[in-house]
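I have placed the structure first, in the form of structure tokens, so that the comments after it can refer back to it.
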Amino acid sequence: MTSVLVAVRRLSILGILLLAYLTHRLVNQAYPLTVIGLLSFVAVAQFGPAFVGGLYWPRANKVGASVGIAAGFCIWAYTLLLPSAAPLWPAVGEIVRLGPWQLAWLKPNALFGIDGLDPISHATLWSLAANLVCFLAFSTLGRQSTVERNQAAAFADGVVREMVPKLSSRVVVRLDDLRALTLRFVGVERGSAAFDGYLASRTTGTGPRLDPSGLVDLDSIRFTENLLAGAIGAASARVVIAASLEGHSLSRREAMAMLDEASEALRFNRTLLQSTLESVPQGICAFDADFNITAWNGRFIALLDLPPDFVRVGLPLADLIAFNVERGEYAASEFAALLVNRDVATQSWPYLYERKRPDGTVLEIVYDRIAEGGYVSTYTDVTERHRAAEALRRANEDLELRVRERTEALERAKAEAEQANLGKTRFLAAASHDLLQPLNAARLFLSALDESLHISASSGGVDKERNLASSAITALRSTEHVLDRLLDISSYDAGAVRAEPFEFPIADLLVQLKVEFSAMARERGLVLRVVDCGLAVRSDPHLLRRILQNLLSNALRYTPKGRILLGCRRRGGDLRIEVWDTGVGIAAEDQKRIFEEFQRLAPGPEKGLGLGLAIVDRVSRLLGHAVDVRSRPGRGSGFAVTVPLARGAGTSLQRKPASPAPAAAERAMTILCLDNDVTILDGLTALLGGWGHHVLVAADADGAMLAAAASPPDIVLLDYHLDGGRSGLDFLDDLRQKSGRDVRALVVTADRSEAVRKEAGHAAARSCRSRSNRRRCGASSAAKP
């Protein structure tokens, strides 16, 4: 619509410009401006007869006005416009001078022989005369349309226009009469409801009260007229009201006019309704009470793909369904939906269902009742909605599949990472074992050398050689200590260590730590004080001991002089195990960095590795114990581990306290050494033989079994990993079964895994891994002579 309007405007502008140019070319420059103005006024005057006659003459119509204006314009163009073009075209000048076909009485300047008038007066006389004659003749002879009659009644009929004002001074009918009149035109149900609502508003409202059985007033007449206008049109409603108020019946002319008005109103309403239905995107079809089609729109035909000439007023719904069944429109599952018109009394309304057509279109069909009787159905194309739902369902499935694939990929990556981490741990364990084996052998040889030099020192001067041997032993022990710490870090990071908490008295652990660190504190000139505690805690005693060992080692390392305190404080349901020292202290900005690997912040008497507190951090997180530190530079440090208290009485650790090495052996022992490394065997032979023991060595289980049969051993030193996939504990089981006695044994291994520790515990053999354990191994097996 907008594009058409724009095109019309552009064409109008172009036409006006062309006409203006044509006028410029036709009109001689000799014409003054006043003449051009008068020429225009004569043209405009052609609208006068139709304008005035339409206002005051009831019989005027559109045909008479159109013919009159056309005739007037033709005479105007012939008598005024044509002479203006005479100077430009000689043929036109000949017509103006002699008349067409040389008929003098048709000359434009002297029409019908009337001469002597100026051109303007001459043209005005004949153009208006022709206009008026045609207007009167064609209006009288032609028939008015309904709209024209209504317009004439509204503008030209003074009696009807002035009737309502007269009613304000006299009332001639009652409200019951108006109600009866209204019910005849608009229907009983609608008219009664409208009048009841109006009377209720006038009875209970704030305006003038109106008695339902009393006389009418101007407001009630206007209400009735408006109500009738909705049914029969405004002009017909006014005629009906006027006739009823004056008490006379309608004339034939008035009745015909009213019927034409009502028909026009009905035609207009139907056209409006049909246009509205056609503009709705849904398909609509209305049925009467017997399910016969009464109305539909084009969208209904398009959605159901029906032939245009198939649907008609009165077509039964059953025929429509039968036609669709023949085309294969319905599936077997939709048969129940076709029975909607079989039992309408029990049917719930509105009735809704969806149907998929053979071309894939999905229709949402809704049946509902109409208040006046009958039914209406709407058909909505919901194909896009179903496609969107299907796309959403596929997207969800794809998303679930992608999530599952990503989860599986992450699980595989995690498993690969864990496998790689375990492989790294196994590699470090194997590398540590291979590194520690020669270090152990070297330390054994140096220990034997040290013992030999110690014996020789009593008789000669070999102090220098003995000091060198002691330095070598110290260096080897430091190297071994570094490897032990690195292996601990790897085990905690790989998750190879599992906490096994249970309840035990903390006093057992404090006593062991006091025995272990008192001698080292005395060697450094420090005082170690351990405060007893009678409470029980819940933790893994081995891992908790590891934390406290590292804290005490750090305290010894970074305390040049003074004291070290190990004690406990109860805080609610927890126990704080604290280690205090009078060492160099730690700055506040460095108190978080000290728990990172290889961080050595404060100088001390001994150079540390920077791994002790890193192990403390990992073990505390494994146990779930909080570790905090308080320190000031130059004032010492305090570390605390918070451990939950036991709920009941704790049980003592199933460990025997470490016994110091005796000064001398009560008797020489037979010791069987089983190791697949010959270097280790040579070192053990030199060390233990130097202590006065009888040493039996074997590189495999068979050789060890033969040596034990020849000379039953008092104690066996076993390497856990042997050749051929066997372990030293397997040999120990065979030896005990064949000998029939419980042979004591020590397991010498660098494998720190939990499985090895548990297996050795089940075999009742002591695992010999760290330097302190090796001291106990040597003390329990033999004493130096």
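Each residue's number is its place along the chain shown, starting with 1.
Every residue, even glycine, has its Cβ placed from backbone N, Cα and C.
Marked as transmembrane segment by TrEMBL: 35-56 (among others).
According to TrEMBL, the transmembrane segment annotation covers 63-81 (among others).
As annotated by TrEMBL, coiled coil applies to 389-416.
The domain 'Histidine kinase' annotation in TrEMBL covers 430-647.
If you look up TrEMBL, you'll see 670-785 marked as domain 'Response regulatory'.
Marked as 4-aspartylphosphate by TrEMBL: Asp719. The Cβ of Asp719 (4-aspartylphosphate) lies under 8 Å from the Cβ of Leu674, Asp675, Asn676, Asp677, Ile680, Gly728, Val747, Val748, Thr749, each of which sits 6+ residues away along the same chain.
What TrEMBL lists as region 'Disordered' is 759-785.
Taken from TrEMBL, the feature compositional bias 'Basic residues' covers 768-777.
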Asp719 (4-aspartylphosphate): secondary structure state under DSSP, collapsed to three categories: strand
On the domain 'Histidine kinase' (430-647), the mean of the pLDDT values is 79
Which residues, given as numbers and ranges, are at least 6 beyond the ends of the transmembrane segment (63-81) yet have a Cβ under 8 Å from it? 26, 39, 42-43, 45-47, 49-50, 53-54, 108-109, 111, 119-120, 122-123, 126-128, 130-140, 142
